[in-house]
Each structure stands twice: as structure tokens, then as C-alpha cells.
Amino acid sequence: MIKDIIKKLTERQDLTKEEMTYLFDNLMEGNLTDAQIGAVLIGLKMKGESVLEIETAARIMKEKAVKVVVKDKSKLVDTCGTGGDRLNTFNVSTISAFVVAGAGGKVAKHGNRSISSKCGSADIMEALGIKIELTAEEVSRQIEEIGLGFMFAPLFHPSMKNVIKQRREIGVRTIFNILGPLSNPADANYQVMGVYDKSLVEPLTKVLQNLGVKKAYVVHGLDGLDEVSITAETYVGEINESDINFYTVKPEDFGLKRAEIFEIQGGDVECNKEIALSILQGKDYSSKTDFVALNSAFALKVIGLVDSIKDGIDLAKETIYNKKGYEVLEKLRNFS
């Protein structure tokens, strides 16, 4: 059957649910050769992955993941993006997670070490003194007790080990770059998902809705950011239960001054750690804090802690300058 699937992909035909299920079951179980893995990943990429293909693959990844049980999901949000924007910004979605938790939300943060940037979410968490190699039970306790838990992707998606080598050897983005944010082990009902290409916003919004997410924002900054941009307009896909809307926003809509890209760029792990500490300790009054507040606001709005993005920015800044986000960081450092 795998040869038939490869043939179909070379003819740029979409796979059926049954074919995609067969393919990903065998892919994740390590039953395909390196050549077959390379062929199907490039075949899907060249054809363009359909909503059904992405949704089916995401369901299989979630089924095979180590589950994190969170009893109260009423304000549980995931802020994981695809990464890969190559603009070298600091870790805004990770810093936003501390802010959202400090403001009263619960964040199931899902991430990995750097692949395309100098500093991934796992790298910055470690640099900040937070233990990332935790069991599912420990992450569940972090979320319940502190409001933020970090799930280090390799530990919660062990079957991914069967494709790591091939993905590195291929060296281009594949379906796996978008599956991470769609396969949160805590199964959060709310999500803010940044994507590296505008063309992904609409299909991934539909995928999230099909996967049962209650409310979500899928965002792409038109400057290339996989975040809500402070330097340009942002294309947004919004899920509100059964409704989907697509629209564009800009920083000025929320009373923020537009920044230049160099103002929000980071560097290596040490540099990004210092930026994170400066913001969370309430010492930064630059566009970097505006950038964090803007992205935090979308998460605060999606879980219903505020009624508008502008109110979310105000709450995020209040949380930052009252050092409530930094308190979350200290609790995670001391977690045992």
C-alpha cells in the first residue's frame, strides 16, 4: 500500500483518511524505510497538505502522545507556534506564557529545542533555570498549582524518534513543522497558534476547529513572523465555537506604536534569557514589552479573562509591571 500512496502523491492527488491513517500509523511506528519516509514527506509537501491529511496526522500524533491530565480546562490555553520564521525575534510566545499564567490563566506550553532559530522554547526555559524533563504527572501539577506547565516535545511524543534523522537529512519544512502545535498532550480547549506562512492560516484554523478546539487564534505577521506582529499587520484566523472568521489587524488598532523589526530581535540563548528577565522583572519599557503584551492579550482574550484585545494588553502590562509573571517563573524554578 505504501508504494500506491507514494505513486498517488507524485501525481499530486490528496490521500483519503484511510490512506493517511495507514501512512502515519506506520510512519510513527518506525515501519517505513528512510527512502519511503523521505518520499512521502516531500510528496506531501510538493502536493500541498490538505486539511483532511493534516487533521488525520494530528489525531494520530495525539493518540500516540503521553497524555497530561488537567482536571480544570476552563482557562487552559496552548501558545505553541510552528517556529521557523527566520527573523530571529526573541522568545515572545514563551515569555507570554508566564504573563498569561501570572494574570490568572493556565498555560499548557508545548515546545522543543531550537530547530530553525538560535533559541527554542525548551532552550530558554532551561536557561531560566526551569527543569524541562518532567513526567506527565509533574507537568499536570505545575499547571494546576502554578498555572504554567512545560511539555518537552521529545518526552511526550516518543514515536517522533522514528523520523528525527530523516527530517534532519531532508532539511526542509515538512508536515511535522505544523503538527507540533496541533498535538498538545494536555488537549487544551483554547489556543493561540503562530504560523510561518500566511497560506497556512486558513487551513490550520479549519484543522483546529475539526480537532475540537473551542476558541482559537491562528496568526501570521505579514512581516513573516509566526506571532501577532508589532512591526506589521497580522492575518488572523479566529475560531469561536462553530464560527470561523478571517481578518487583518495592526498594532495601531490596539493603541500600540508600530516597531521596527530590529527592535524585537533577539540573539543566542544567553541574550534571549536576559531579554526575558528584563521584561518579566518589569524593567523593560520598550517595544519588546509591547510585543509580549500584544501576544499575551490574544491568549487572555481567547480564554475569556478579558473582553477585548486592548483590555488584554492593559492586563498583560499590569501583570508584567507588578512582576506577577516573574513570580510564576520563580515558582517553576522551585518546583519539585
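Positions of Cβ are set from backbone N, Cα and C atoms, glycine also.
What Swiss-Prot annotates here:
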| type | residues | note |
| --- | --- | --- |
| BINDING | G81, 84-85, T89, 91-94, 109-117, S121 | 5-phospho-alpha-D-ribose 1-diphosphate binding site |
| BINDING | G81, N112 | anthranilate 1 binding site |
| BINDING | S93, E227 | Mg(2+) 1 binding site |
| BINDING | R167 | anthranilate 2 binding site |
| BINDING | D226, E227 | Mg(2+) 2 binding site |
T89 (5-phospho-alpha-D-ribose 1-diphosphate binding site) CB neighbourhood, other CB atoms within 10 A: 27
Pairwise CA distance, T89 (5-phospho-alpha-D-ribose 1-diphosphate binding site) versus E227 (Mg(2+) 1 binding site), rounded so that it is a whole Å: 10
Integer Cα-Cα distance in angstrom, D226 (Mg(2+) 2 binding site) to G81 (5-phospho-alpha-D-ribose 1-diphosphate binding site): 7
For N112 (anthranilate 1 binding site), the one of G81, S93, R167, E227 that lies nearest, given that the binding-site residues are compared by Cα: G81
Cβ contacts of E227 (Mg(2+) 1 binding site) (under 8 Å, same chain, 6 or more positions away): G81, D85, T89, V92, S93, G194, V219, G221, F291, N295
Number of Cβ atoms other than its own within 10 Å, given for R113 (5-phospho-alpha-D-ribose 1-diphosphate binding site): 17
Integer Å distance between the CA atoms belonging to the residue listed as 'anthranilate 2 binding site' and R113 (5-phospho-alpha-D-ribose 1-diphosphate binding site): 15
Number of other Cβ atoms within 10 Å of the Cβ of N112 (anthranilate 1 binding site) across all protein chains: 19
The one of H110, R167 whose CB sees the fewest other CB atoms within 10 Å, among these binding-site residues: R167
Three-state secondary structure, which DSSP defines for N112 (anthranilate 1 binding site): coil
